[in-house]
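Over in TrEMBL, the protein carries these features:
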- B:8-123: domain 'Semialdehyde dehydrogenase NAD-binding' (DOMAIN)
- B:15, B:16, B:17, B:18, B:43, B:44, B:162, B:163, B:325: NADP(+) binding site (BINDING)
- B:103: phosphate binding site (BINDING)
- B:132: active site, acyl-thioester intermediate (ACT_SITE)
- B:159, B:245: substrate binding site (BINDING)
- B:252: active site, proton acceptor (ACT_SITE)
């Protein structure tokens, strides 16, 4: 569009796994960019990153980096967002934050566009992007919640290592090769980089993502529990989560048990999900068709299948939800928010 | 013991993944053997298998192979058990069947020794060994059921490929190497050998184990549902299962949500599990200590951890249960039954 407003954009954490996907999406979606500033920690500053055929030099992120910026997308870790987003907000920047820093802040909208896009308008400078494992779950469940009302969700996750960054991907591939070659695995990154104990991820399943809380749940599990209530705007939804890292590179899978307030018809559930925005139904037993991480990788949608009515509880639905954790779970959700802001401006 | 009775034993499926573990355990446990006959399909007949330093030639299993046998352990697939176990029973053999052939037969005890060992005495020639994913779950839950009464179990599994036999192990390692070498994966075995569609298992999670039933659940899921009620001797226990294959070689992991009839104390749960036969508690958040498939592999016990009271339902417990699917999930459970019979004789 010729009279489309153009934006001064900044991407903080431009060299990270999510930052790279954000840049790719801005390029592919032809986001209306007047100028693009790539920011990072001092460590990555000076690197060159290609964007639309040009090379952009990554600069160290500082408060004054945000002068003249309209929209900034943060994905450089919670401490960077905590330190810099307030300075950006002071300078009138709208910040889309992909970290955990502001998600539960009552003044910060926590947005999955398919669920609560209108909350973007209530922002006071920062809009938070939810946790990857939460985003795909609520995107799949919102249309069902609207129709039947969700009483309780019990979720077990099968999470990809890319959620822990590029170094976790490298570590997983290195360990896998070591196992195949019958060499020592020497774990040194997962489950949590900052904690002393490391476990093998190759050919294993690690029931710990992020640090433990006093109540026995991990921070990742608490994110799913708290964020779901906030995004759905309904504190009465009971959520139980068990978050597990498995040796998959891209794509989180989730086994969900969902108890509704009302009885439901499975054919109607199917039809609701077929028509849900951002959701693709893959549910055909005869064809052995159901969502798979390897097939969801690289795609923007949330894939849903294995739909079946519970045999014990008539009001409960079982399902399998898969999405690319770096895309809908992070970069794409952030870019969707940016596109909404651009359209509204 | 000098006056220990010795037994004429037969192992059917002696060259398979489970059969091999049965032989290793009989050897290690010094089972009181008078004679040992190794049986298999015609395809594997003639192979030589080492046992206590001797080479035994595997014979093709036929009805008359069971003449003079006291105890036969079957793990050569359901159709072999269906075809041959009745002939063995006719000849007075006590059959311990590791397949699905007789598990739900009302005349056949379905036994996990830690749970219902006394049922062995009711056999009419056949004692069924439950499905691997069921065994470890009920072994962990039985002492809690006795104390609090289980109302409902919601389980999501993370199952090792060895559950689908040696060829699935080979396939997983081959595919993993192909992915690391950036070659085509060409799946040709999983999820179900006999079905047309094959999916990549390397760096993936496949939400299908065994064939689909009309109700949308897979046969593996229905096994967990039905067998749990039968072994626990309580049809009122609600069970919901989602069974998923992941790229782990040995050791099934399970994420359990268990709702009791009564309120419970977490410290008491811990103490009950610490004292439960065949169960090892691995539950220390500060030490990041919890069960892991790679560590359970090769061990006989069922490992339990990640114990936490649910945040929504005061009567619900969340836990993580891991065991070697070829050992407690198959060979060891069968050998335990054989040892009980030997001791009683």
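Using the three backbone atoms N, Cα and C, a Cβ is placed for every residue, glycine included.
No curator has checked TrEMBL annotations; they are predicted automatically.
Owing to the predicted nature of the structure, the values given are computational and were not obtained by experimental measurement.
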Over the domain 'Semialdehyde dehydrogenase NAD-binding' (B:8-123), work out the mean pLDDT and round it to an integer.
97
Given the binding-site residues B:15, B:159, B:162, the candidate whose Cβ has the fewest other Cβ atoms within 10 Å is B:15
Taking every protein chain in this structure into account, which of the recorded positions B:17, B:132 has the most other Cβ atoms within 10 Å of its Cβ?
B:132
Of the recorded positions B:103, B:132, B:159, B:245, B:252, the one whose Cα sits nearest to the Cα of residue B:15 (NADP(+) binding site) is B:132
Between residue B:162 (NADP(+) binding site) and residue B:132 (active site, acyl-thioester intermediate), how far is it from one CA atom to the other, in Å?
11
Quick check: in three-state DSSP terms, what is residue B:17 (NADP(+) binding site)?
helix
Using a 10 Å cut-off, grab the number of neighbouring Cβ atoms around the Cβ of the residue listed as 'phosphate binding site', all chains included.
23
Which number gives the other C-beta atoms within 10 angstroms of the C-beta of residue B:325 (NADP(+) binding site), all protein chains shown included?
29
Excluding its own, the Cβ atoms lying within 10 Å of the Cβ of the residue listed as 'active site, proton acceptor' add up to 30
Proximal residue to residue B:132 (active site, acyl-thioester intermediate) among recorded positions B:17, B:245, B:252, B:325 (C-alpha distance)
B:325
Going by a 10 angstroms cut-off between Cβ atoms, which of the binding-site residues B:43, B:245 has the sparsest surroundings?
B:43
